[in-house]
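**Student:** Dumping the structure here so I can ask a few things about it.
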Amino acid sequence: MRIVFKIGSNLLETDEGDIDLSFLSKLAEGIKKLHSFGDKVLIVSSGAVLSGAKKLGIKEKPKDLTLKQALASVGQSYLMHLYDTIFSNYGLKVGQVLLTKDVFSKEKEERFKNAKSTLEKLLELGVVPVINENDAVAVEELVFGDNDFLAVYVSFMVNADLLVIFSSAGGLKDDKDRIIPVVEDIEKVFKYVRGTGTSFGTGGMRSKLEATRLATTLNIPVIITSKEENILDLRNLKTKGTLFKPSKRKLRNALKVIATLEEPKGIIVVDRGAQEALKAGKSLLPAGVVSVQGNFKRGDVVSIQNEEGLIIGKGKVNFSSEEIEKIKGLKTSEVRKLLNTTKDEVIHRDNMVIFL
């Protein structure tokens, strides 16, 4: 079994503002036991900026990107020192892997393959990879959303069987502040989202839910839970937090690539009727298109967004943005006459992945 643990900055910090060494010890002990079952474990760990701030005596979350990157440079080595020291007490070896967003790009496929090969070799050697975004050189500001999405991309890269996201919230809570034990339809629980991140984190529950939605679409189960969780229970999908069940629709690899590695060139906004049709496995027809954002050509990948602003899918378009502007809202028969084409769909269902 392959398990990815995602640890945010807030989980690494105690109430007193120190690095939580006891949690890292508990995690190492749990991973040691998982190894005894033959499981492979990877850690996606935030905390470089937090660790750098602790080392330099900075108490407030930095707003300046250059300062963040400088703190990440100082903090990443200290963070890995902590992992190495604590995990070695349990006979575990760790390996640092720093990634940037362009690793997960179809246009730079060799970087993806190289990163995957490195992670596979580390796992083969019995090493626990500790993965973080390379904040010190990132061009865009912390683009992975407190590493929630990075954890999903890594899970996809290594064909993980489970993604565990540790959260100070302990799981997804309903409107009465009760943890929801199991979620099968993630669209229905977005209404419970609250929080935009902690002092040194950039995520929050919305980021975690959006990342979880992508993971479950990729057929990866996700658990959001607290750091008090029993590590061994997790491998059996038992949790005191929230278990998000994977989608029942099995995606072929080409669609998984669209969902993860293809950078969208634009956005197509659809109405409620089209959203329900897409959820039911139908193609996207011009009649359901409300508007188009960006400039793209035929064959490009775009994001599909509902009228509430939620990204609900991605897919390869049969028409350019200019053509879709002309045919949006029209019936199929009208489209054929206007564009002199035999194609009916803006995006065919075979070239589309829906996150609902």
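Backbone N, Cα and C atoms are what each Cβ position is placed from, and that goes for glycine too.
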**Student:** Swiss-Prot has Ser46, Asn147 down as binding substrate; which of Asp39, Asp135 does it also list for that site?
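**Tutor:** Of Asp39, Asp135, Asp135 joins Ser46, Asn147 in the substrate site that Swiss-Prot records.
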**Student:** Suppose we draw a 10 Å sphere around the Cβ of Met205 (ATP binding site). How many other Cβ atoms does it contain, all chains included?
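**Tutor:** So the Cβ neighbour count for Met205 (ATP binding site) comes to 23.
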**Student:** Express the distance between the Cα positions of Lys208 (ATP binding site) and Asn147 (substrate binding site) as a whole number of Å.
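**Tutor:** That comes out at 9 Å between the alpha carbons.
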**Student:** What three-state class does DSSP give Lys6 (ATP binding site)?
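**Tutor:** DSSP call for Lys6 (ATP binding site): strand.
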